[in-house]
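One structure is given here, and the rest of the page talks about it.
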């Protein structure tokens, strides 16, 4: 692929590298950041307007934070060989396979809005702590974290800010001033009377050759070409897919790509009645609409726009009760049957029966459709090594297709777009399943309390500290919670870490006492992380006094008169009463289950291990099923600790577009 260049004007003479004050920068600009080409001239230097600067700031700021411009700029006052500007510094194969031919097309350019999506991107943090080890057991634990709330990681993090070196010390260059850093590129960014000069940094040995044998001017041109390639755009025509190469950061055609360039693998648009033009839904509402649409139980959704409300039919994709819009559409990537594919669209098929919508494989759905069309009374098929018969005698079965929902929280670490620049790939989803536990070397700090705890005044009985979405603990809790609570039905609002020194000390001492009587696997599975649903009015009381077995019976006492905990969040959700604002509350608690036995309604304490001895130890807990326990009941308040509080809500049927 040949790179387009800008012919210099007749009076432009190419000079050897010299101070940038002798050059000027000219570039072609349109209303919304079209491809930028630089032409350096002597004397009169053209500056970009404030509006253009503000439009470019989030783009370049994201590039700086993500490391996309690693090694590009370096201060002029650093000693370096002048010829080093032309030495190879990166080795990148430019022959990228792409199915996107360049062509003229009708499109609209979408300026990235980092306040809507980009702010959710987690950042990598350096750490020197020991690596983690994985031990297969039937429960979860959480990794050790630093005092600032970041997670220990053995992989060294790479920071773009370390490659930016200012000429003058009076110019702000701290990580908190990244918005200022991008204003200091020579001849391009100048604002608020600050000016700083940078040259290309070719000393670092990176893995690509993007700037090999390139002058400073040509390298800056490549930077702007990169910015052009990362811009978002959509086409007005129907039947066009989202470019998967763009999502993976490998589309080299930029705004000339015939496919859509969007933040996520899905994108919602609505068509205006007067102009018959498609316009994108707000970034904040993209995930909301997708989440609601993925639920097969939802057929229509209420929409708000400019003070008016109307309805959208999610089956026919029509809009009614308004004259402003008439149609709705969902842009998506190519389909795939692999549920582990991050970039593809995975379709799920549902058939309605007496109990609601039930998911079936696509092959079974095709059989049901054929039976409906031919008027057959029953459908026979085999699924999961079992034979099934569906009777169609009294009604025609309704069939529906909806995509598998993937939240921004799950997608963003994998996306190579401006709205989803990855920091570090998260662990595979199966790594946080109920069959494994993450055990760092040194689970507590030297002062006996978790390293993630922040300072609390001695007069405080407890505090609740919000858990950052960047923490590994957040991801573990998120995946464990949504393993049984569908993401398209409920959305996590906040996760709080409970700090109560008194309760923690009691719990730790009880754990040490129980561990002295256990060995091997029994000691490992002694501690579990289980859910407990409750109402808002008792959350603070539990955080201060712990779960109290004496007040049992509020919801159920089927397996004993104690405190109930469940492996599945879906079970605990049944006992989580929503507040007046529609918020549900659920604890993820540390529970010492120890040795357990089958429970019964009349038990006020666990039965003895050896009924024939008056000095026999008691069982530590009771369960609903001895072989595959899902519910645990404890009778002592020092066997549990209210570790995290999960606040979540039901997905609303109203979205602002």
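Numbers here mean position along the shown chain, with the first residue as 1.
Just so it is clear, glycine is given a Cβ too, placed from its N, Cα and C backbone atoms.
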Candidate annotated in Swiss-Prot as ADP-ribosylcysteine, out of 39, 177:
39
Of the residue ranges 181-208, 209-236, 237-264, the one that Swiss-Prot records as zinc finger:
237-264
Averaged over the whole of the motif 'Nuclear localization signal' (41-47), what is the pLDDT?
40
How does the zinc finger (237-264) divide up by DSSP, counting helix, then strand, then coil residues?
7 helix, 3 strand, 18 coil
